Amino acid sequence: MNIFIVVLLCLTGVAIAEQCGRQAGGKLCPNNLCCSQWGWCGSTDEYCSPDHNCQSNCKDSGEGVGGGSASNVLATYHLYNSQDHGWDLNAASAYCSTWDANKPYSWRSKYGWTAFCGPVGAHGQSSCGKCLSVTNTGTGAKTTVRIVDQCSNGGLDLDVNVFRQLDTDGKGYERGHITVNYQFVDCGDSFNPLFSVMKSSVIN
């Protein structure tokens, strides 16, 4: 009987150590293991495939654009109302204003804004200005947003206008949140002089 209890306690300890994702407060798996939809760490397709609702360190992590992806993440909304403030990061008291407030208007207004504290990706200053492709898992509505702030909900805190754009069935507004998948994507901010020259010669 004592051996059974010891084995049971050992198995329970191992299981608890492997919990991750929203079931464990946004915790990531050790050793870059994937976090399954059920909140357990592993390395097979059952854990790592977005088709199986992998939560973090998923196989299509998109590391090439510097951040990764996560599934089934909580997204709330925040009243930045950036268009009412001239897309001014200082007026919105956004965390990233320290580094990005002097970016051109075209850069600041290119995408809707979000605060970021998701389970996968850099946080703090290194996340500022990066872009996410965000998909509402309930409706399939999709948009690209720019990170301008930090949050504490373990996911995203979208500008209310972006939230409305994704909340096409209105259920998110009723609940106060939507469930989303996000992936870091290239913002397309790079200036390519060759492209600009080619574009102007085509116009002329």
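Cβ coordinates are placed from backbone N, Cα and C, and glycine is handled just like the others.
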Member of Cys131, Cys151 annotated by Swiss-Prot as disulfide partner of Cys187:
Cys131
Which residue in the list Cys20, Cys54 does Swiss-Prot annotate as forming a disulfide bond with Cys35?
Cys20
Cysteine paired with Cys41, where Swiss-Prot records a disulfide bond, from Cys29, Cys54, Cys58:
Cys29
Which candidate, Cys96, Cys128, Cys151, does Swiss-Prot give as the disulfide partner of Cys117?
Cys151
Packing count at Cys96 (disulfide bond) (other Cβ atoms within 10 Å of its Cβ):
24
Same chain only, sequence gap of 6 or more: which residues have a CB within under 8 Å of the CB of Cys128 (disulfide bond)?
Tyr95, Cys96, Trp99, Asp100, Ile147, Val148
Can you name the disulfide-bonded residues among Cys48, Cys54, Cys58, Cys117, Cys151, Cys187 whose CA is within 10 A of the CA of Cys20 (disulfide bond)?
none
With an 8 Å cut-off on Cβ-Cβ distance and a minimum sequence separation of at least 6, pull the same-chain contacts of Cys35 (disulfide bond), or say none.
Cys20, Gly21, Leu28, Cys29, Cys41, Tyr47, Cys54, Gln55, Ser56, Asn57, Pro119
What number of additional C-beta atoms lies within 10 angstroms of the C-beta atom of Cys151 (disulfide bond)?
19
Candidates Cys117, Cys131, Cys151, Cys187 (disulfide-bonded residues) with Cα within 10 Å of Cys48 (disulfide bond):
none
